[in-house]
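Structure provided below as structure tokens; questions to follow.
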Amino acid sequence: MPVNYNTTATKWALLIYSILTLRHFGIVLMLQFIVNPQFANVHENFLLYTKTYNGLMIWVGYVPAVLMLFSAISMIWLAPPIFPKWAVYISVVLGVISVATTLWVMMPIYNQWAITGYNATQNQQLLSQTLYFQIIPSALQVAILISFLHKYLQDVKPVAKWIFLLVVVLNFYNMGTTSIEGSLAYPLWETVGAKDWLAYRQTPPNLLFGIMFVFAAFSPIFLMIAMYWRRPKEVSKYLVTSYLLFVLYLFVITLLYFVPDFQVPLNSAYSLPLIKKLGADDLIYRAAAGLALQVIVAWMFLKIRPSILKNE
């Protein structure tokens, strides 16, 4: 593959591959450790709950998973020559394993549950299979992606490189976790029912949820502060400041409004009107700011001009 191929296509292909791979990893982690264990605590409206889950997951998880695989395949032709070809092919194989598990293991089980009801033995088998054939392959895909980004950013000084790389990884990983929370979990909560609510609500340990979701969502605050002094030379302070303002806004409104007005009351009692208002207010007050974070990081990524792309 020659060096002077279409560098614009390469940049966009690598960006899309990064977004979809990291987003997919965030989704499969949330499903494995937060969402899937909750099925066992839904009894009152289980069939409705499962049908709602199946309908939402088409666009939240299944279609993006297939797109992730296509993006990995595109890297066979669009990856810079510095990326080992064997690593690109391994990433594709891992993507095939993960997506196949999604489409031919997860989907049939959930579709069956929407008709026949919950099966505890089947759920244990599902969690085991998704761990080995979805979580681990997705984690290995992320490891390969990080090695690619490390090579791609080879002109950036080491400290600045790792700070920016962590920003990219956490930001696009958060796309997956927040899509599960806002686009899947909140609508599912409406179907749970008052009898099951407290047991359902307490299923994922708070510490686990805090690490996987809350910590990952707001740790970029500290990385952005560090980027005022250590960042790729093409990334301006204006972009850093813009990101910092949006993520601080999300942190403050979550801490001062969403936690005390929604999450704390819902820890002690089921309230359908409150859940509906939570979903509506999340869309109004947090969705646009969350999208802005993704756009800013993507913009930062596209502004970088590595020496391995000679046409620019």
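Cβ atoms are placed via backbone N, Cα and C, with glycine included.
Quick caveat, the model's predicted, so the values are computed rather than measured.
Residues or ranges marked as transmembrane segment by TrEMBL: 12-35, 55-79, 86-110, 130-150, 162-186, 206-226, 238-259, 283-302.
Tell me about the surroundings of these features in the structure.
Within its own chain, the transmembrane segment (12-35) is flanked in space by residues 60-61, 64-65, 67-68, 71-72, 74-75, 78-80, 91, 95, 98, 127, 130-131, 134-135, 138-139, 141-142, 145, 148-149, 152, 168-169, 172-177, 179-181, 184-185, 188, 204, 208-209, 212-213, 216, 294, 298, 301-302, which lie at least six positions past its ends and keep a Cβ under 8 Å from the stretch.
Counting only same-chain residues 6+ beyond the ends of the transmembrane segment (55-79), those with a CB under 8 A from a CB of the stretch are 5-6, 9-10, 13-14, 16-17, 20-21, 23-24, 27, 31, 85, 88-89, 91-92, 95-96, 98-99, 102-103, 107, 110, 141, 148, 179-180, 183-184, 187-188.
With a cut-off of 8 Å between Cβ atoms, the residues of this chain six or more beyond the transmembrane segment (130-150) that come close are 14, 17-18, 21-22, 24-25, 28-29, 31-32, 36, 72, 79, 83, 87, 90-91, 94-95, 97-98, 100-102, 105-106, 161, 165, 168-169.
Beyond the ends of the transmembrane segment (238-259), by six or more residues, the same chain brings 217-218, 220-221, 224-225, 227-228, 231, 278, 281-282, 285-286, 289-290, 292-293, 296-297, 299-300, 303 to within a C-beta distance below 8 angstroms of the stretch.
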Looking only at residues six or more beyond either end of the transmembrane segment (206-226), which have a C-beta under 8 A from one in the stretch?
26, 29-30, 33-34, 163, 166-167, 170-171, 173-174, 177-178, 181, 240, 243-244, 247-248, 250-251, 293
